[in-house]
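Contents: one structure, followed by commentary.
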Amino acid sequence: MPSAFQFQCLFVLIFLAASKGETRYLEVRDAGEDEPFLLLSEDLKRELSAGQIYRRSLRCIDMLSIEGQFTFTADQRQLHCATFFIGEPEELITIEYNFVNIDCQGGDFLKVFDGWILKGEKFPSSLDHPLTTSQRYVDFCESGNIQRSIRSSQNVAMIFFRIHQPGNGFTVTIKKTTNLFPCNVISQTPSGRFTMVIPHQHRNCSFSIIYPVVIKISDLILGHLNGLFLKKPSAGCAGVGDFVELLGGAGLDPSKMFPLADLCHSFHGSAQMKIGCDNTVLRMVSSGKHINRVTFEYHQLDLQETERRKENSIEEFCFPSI
């Protein structure tokens, strides 16, 4: 059964985006399944390939995974609204204000957040983001014309807004640019393959998959040799500057998730793990002294796989939450 966290994702990313008239643009699976993300239809991709600009209205709670121009017009007082933006792993998101008609003095606001925040939990976590939490918010009522274009640091961003007066609203244009070295990523799909590279940078990068998954690391290059450890109070990669860790939990923030395993050495081969948590994160910690790289693939864990325990896997966690 879906957890409370997965229901939150379903609500944010499916239910309100699958209302009548939108199914031509979005391929949405049964909301009763554990499928919290939207997949763009191939028909829409072909339609937009000719240079057309996609336009539609925004809902109070909405999700967008495509470029275009989007308008929100309040039909009543809207006090708790948010739009979540997501791109491909190698994309950054730019939000441009085209038109804003809100009453800042009357309590309205329009804020961009660099990342996602849900129930007080942030992605990327404060430990993994180059900006402080306060710097990740850009308030239109404070910046006005000074900053009418904001670019994200990863493939997700969002806006919060509050509008008291019916008829007021705003229009934004969403654009995407290529990120040569993707760092923090939320996956749009329950399966895929990804290579994360950190080239001589002192930073931490997290790849988040909001599904129970089987994850297989096939290639890991770090700047040193050490060992492979399951997380224990007295073991792990403590004191090692470059390593990869696997995390699992029921929320969005990797810093609040349970550490499951550390990988402290380079290898070519296969290290597989079944993680039955609502959210799975692969996190690379880099000292900046080396070029670190990890290649991994993942697919959604099904009930049959939970029965085949300890079968070519390091360990298994979180299965009671499935």
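Yeah, the Cβs are placed from backbone N, Cα and C, and that goes for glycine too.
The annotation signal peptide is assigned in TrEMBL to 1-21.
Annotated domain 'Corticotropin-releasing factor binding protein N-terminal' per TrEMBL: 52-177, in sequence order.
Taken from TrEMBL, the feature disulfide bond covers Cys60-Cys81 (among others).
Here TrEMBL flags Cys104-Cys141 (among others) as disulfide bond. Counting only residues at least six positions away in the same chain, the Cβ atoms of Ile102, Cys104, Asp108, Phe109, Leu110 sit under 8 Å from the Cβ of Cys141 (disulfide bond).
Proximity of Cys183 (disulfide bond) to non-local residues of its own chain (separation of 6 or more, Cβ distance below 8 Å) is seen for Pro124, Asp128, Ser153, Gln154, Met196, Ile198, Arg203, Cys205, given in sequence order. The disulfide bond annotation in TrEMBL covers Cys183-Cys205 (among others).
Counting residues of the domain 'Corticotropin-releasing factor binding protein C-terminal' (185-306) by DSSP class, helix then strand then coil, yields 7 helix, 67 strand, 48 coil. Residues or ranges marked as domain 'Corticotropin-releasing factor binding protein C-terminal' in TrEMBL: 185-306.
Per TrEMBL, the feature disulfide bond maps to Cys237-Cys264 (among others).
Positions annotated as disulfide bond by TrEMBL: Cys277-Cys318 (among others).
Here the CA atom of Cys264 (disulfide bond) lies 43 Å from the CA atom of Cys81 (disulfide bond). Between Cys318 (disulfide bond) and Cys60 (disulfide bond), the C-alpha separation comes to 34 Å. Annotation: Cys277 carries the greatest number of neighbouring Cβ atoms among the disulfide-bonded residues Cys104, Cys264, Cys277 [cut-off 10 Å, Cβ to Cβ]. Across the structure, Cys237 (disulfide bond) and Cys277 (disulfide bond) place their CA atoms 22 angstrom apart.
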